[in-house]
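Chemist: According to TrEMBL, the record shows the following:
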TRANSMEM  A:32-54  transmembrane segment
DOMAIN    A:95-313  domain 'ABC transmembrane type-1'
TRANSMEM  A:99-120  transmembrane segment
TRANSMEM  A:132-152  transmembrane segment
TRANSMEM  A:180-202  transmembrane segment
TRANSMEM  A:238-260  transmembrane segment
TRANSMEM  A:291-312  transmembrane segment
Amino acid sequence: MTAPPLVEQQDLAPGPRGGARRRPVARRRDHLVAWLLIAPALAYFLVFLLYPALSALYYSFTDWNLRSEASWVGLANYTDLLFDDVKYPHFWKSVGVTLQYTLLSVPMTLVAAMVQALLLNAIRRGSNLFRLLLFLPVVTAEAAVGAIWRWLYDPQYGLINSALGLFGIPGQNWLNTPELVIPALAFIATWQCGISMIIYLAGLKGIPGSIQEAAIIDGAGPWQRFWRVTFPMLRPTTFYLVVTGVIAALQVFGLVYVIFSGSGRSVTGGPEQSGLTYVLHLYLFAFRYDAMGAACAMSFILLVFIMIVTALQFRFLKREAA
Amino acid sequence: MTTGRKVSIYVALVLLAAVSVVPFLWMLATSFKHGPDIYTKVPNLLPVDRKTGEWAATLENYDYVLGVGGLGSAFVTSVWVCAILVPAKLLIDALAAYAFARIPFPGRDKLFVIMLAGMMVPTITLLVPRIHVTQALGMFDSGWGLIIPNVASVLDIFLLRQFFLSIPGELEEAALIDGAGRMQIFWRIVLPLSKPVLAVVTITSFLFHWNDLVWPLVVTNDPELYTLPLALQQLVASPDGGRAYYIMAGATLAVLPVIVVLLIFQRRILQGIAFTGLKG
């Protein structure tokens with residue numbers, strides 16, 4: 001993502017060019033207009049972004065629910081979350097689930113996106129149609145995705161088990177077997193790899209044809225060309241997709257909420273909490289157990305974790321990507 | 001490229017496209033089936049009778065979810081929320097973006113950078129206090145609560161500003177010299193020149209809010225205010241959750257408008273994603 005630099009601007013001031021010579025009245029009126037234009041967005045920013053961000057930090061140091069006043073407890077929420085496995089028995093479980101999901105879903109998504117992009121880039125006729133079909137899962141509401149995949153994974157009548165049956169693979173109870181929950185969720189994420197595919201495709205179009213031709217003349221086969229030319233040239237794209245993909249995967253929520261909602265019981269995060277992702281855990285504490293202070297602390301632990309992971313990726317992956 | 005390679009590429013693409021699309025076809029087929037017809041050993045991608053194998057489509061599942069299932073009123077809610085929210089958000093963002101792009105005033109660029117920094121805070125961190133703010137403003141569990149807390153987007157302001165900056169300034173300058181006001185210039189010159197970016201921002205914003213589950217989930221209690229994704233989730237969580245023919249009818253209602261939008265605006269959506277790399 002390259003954005004034009006922030007400083008390079010074409011300001012337009014009333015009167016002849018050169019702001020200094022403008023009449024002060026006109027200039028002041030202009031400032032007023034600018035503030036009026038920005039006012040609604042600025043009000044939104046202050047009320048729904050800045051204030052919530054700061055107050056989330058404050059509340060993370062308090063014992064608070066939506067019905068009572070917050071009382072200051074210092075670091076207790078943080079230490080309890082990290083060390084008190086009686087009060088928060090599933091905290092570390094949810095961390096583990098989320099890490100597993102991230103480590104599985106991000107590579108799977110990127111490989112699938114890369115394969116799709118390479119195939120699309122190799123054809124001319126029909127490429128728009130295929131691109132559209134492959135993109136379809138992305139624009140689908142996560143509530144619908146969850147609903148559809150619950151039915152696809154149905155152990156008795158689901159399409160997935162029937163499809164596996166064609167290859168002689170026995171059907172599984174995907175969403176009710178703890179070891180299979182994460183792979184099943186990661187597969188859904190892979191099914192929705194269309195955004196990464198589009199971005200890879202844009203990256204592929206940006207590789208000059210002359211480089212590929214030179215490689216062909218030098219006698220490089222398709223496999224060599226991919227590993228020696230295409231893949232290295234796409235490294236910045238891959239880096240971007242890994243960073244944004246990890247950030248998104250660490251926050252997965254809506255899909256698991258829908259997948260595991262249901263049939264009489266409340267949301268639990270799947271069999272033996274095998275699908276209890278970090279944000280689902282956070283949501284349950286905030287809106288089921290009414291522990292807003294603890295939920296805010298969880299959200300800051302996540303924020304810090306995301307920042308550390310992102311910084312590490314910049315440190316260790318960026319150098320290779322450059 | 002040899003013919004053999006070409007054929008294998010197309011075969012691979014057809015297979016991948018099938019993986020992508022078959023779940024939707026199955027959703028559609030299931031939604032038109034009579035209840036018992038969905039329980040067959042070999043899944044059928046057409047709504048046919050489980051014994052005779054003859055065509056047996058029905059609309060009764062849609063009838064049920066639209067009425068008893070509550071998806072009818074949720075559809076209406078989703079429509080009016082998007083119909084108000086998407087244009088209001090576009091207007092607020094475009095006005096701010098124009099000022100940030102074109103009108104110099106002291107502290108402007110600092111303010112813009114501060115707002116951009118706010119984008120880095122994950123939504124989940126903001127969720128709990130946002131609910132608190134919404135309650136304090138008396139908008140919790142109301143139509144306003146679905147709209148106002150979403151009514152601007154720093155990301156969209158950023159995108160619009162970048163586009164406005166790329167428009168050559170001469171036209172606007174000439175208009176200013178001729179005595180046109182800022183608002184006139186904004187409406188008559190800037191907006192008409194910005195149709196591509198306005199389209200991308202409008203479509204992605206529609207897709208995001210039409211599909212959004214999390215905010216309606218936390219801000220509403222009243223079933224009358226449920227949006228389509230939320231009503232669908234509630235249906236999944238209800239005793240009807242095991243009746244796939246109902247659930248798939250509900251999912252179809254949520255998915256179909258989005259597919260129509262994708263088909264109409266595919267070029268703009270895909271271009272927009274390639275430019276910005278955004279989700280929703």
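First residue shown is number 1, and so on along the chain.
Heads up, the Cβ atoms here are built off N, Cα and C, so glycines get one too.
No curator has checked TrEMBL annotations; they are predicted automatically.
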Chemist: Could you tell me what the rest of the chain brings near the transmembrane segment (A:99-120), counting residues at least six beyond its ends with Cβ under 8 Å?
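Modeler: For the transmembrane segment (A:99-120), the sequence-distant neighbours (Cβ-Cβ under 8 Å, at least 6 residues beyond its ends) are 127, 130-131, 134, 182-183, 185-187, 189-190, 192-194, 196-201, 203-204, 226, 230, 234, 238, 241-242, 245-246, 249-250, 252, 277.
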Chemist: So, do the transmembrane segment (A:132-152) and the transmembrane segment (A:32-54) meet, by the test of 3 or more Cβ pairs under 8 Å (sequence gap 6 or more)?
Modeler: no
Chemist: Which sequence-distant residues neighbour the transmembrane segment (A:291-312)? Criterion: at least 6 residues beyond either end, Cβ under 8 Å.
Modeler: 56-57, 59-66, 70, 73, 77-78, 80-82, 88, 91, 243, 246-247, 250-251, 278-279, 281-283, 285
